[in-house]
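> So that we are looking at the same thing, I have put the structure below in structure tokens.
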Amino acid sequence: MILRVMPKVEKKRRSRAEPQNIELSSEEDLGINPEFYSKQREKNNEAVKKSRERSKRSKVMSQQRVEQLEESNKELQGAIVELKNDLSHLKQIFVQASTGAPGSSVLTREEILALLVEKPEHEEVPETKYDQLSSAEPVSSDDDLQVTK
């Protein structure tokens, strides 16, 4: 492989443009109607004011929505913990029933569903799809246990 040494190219230095002395003339000299200009400024000021108000309103609404979603998230997290506990309890029941452990008895599907549906009166739990299942429908997967409101 042959490498060539390229000659160094000097970059041209750019100078800044000199500030130009511009004489400011009156509005009349520029051909601007003072009444028209003041009306346009008023309209623009009103538009800016409305825009800022909309922006503030939007920000407040977004913050309220964030707070609602955070509260909802906390509730759903609690429901998830409870459902995981229920699942763990059911797994223990099934393991005991399948191994024929002393003191275990085989539960019917209706008895198992009755155990799941029982809720303490003092505690409000979000309704799940599982609560809506009839006793004739088989439970196919954990996807069927998603929390709904």
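Sequential numbering from 1, following the chain as shown.
A Cβ is built for glycine as well, from the same backbone N, Cα and C atoms used for every other residue.
Look at TrEMBL and you will find 38-50, 118-130 tagged as compositional bias 'Basic and acidic residues'. Under the heading compositional bias 'Acidic residues', TrEMBL lists 140-149. Positions annotated as domain 'BZIP' by TrEMBL: 34-97. Marked as region 'Disordered' by TrEMBL: 1-64, 118-149.
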> Give, as a single whole number between 0 and 100, the mean pLDDT over the domain 'BZIP' (34-97).
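Value for the domain 'BZIP' (34-97), mean pLDDT as a whole number: 93.
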> Using DSSP, how many residues of the domain 'BZIP' (34-97) fall into helix, strand and coil, respectively?
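Across the domain 'BZIP' (34-97), DSSP assigns the residues as follows: 64 helix, 0 strand, 0 coil.
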> For the compositional bias 'Basic and acidic residues' (38-50), could you work out the same-chain residues 6 or more beyond its ends whose Cβ comes under 8 Å from its Cβ atoms?
none
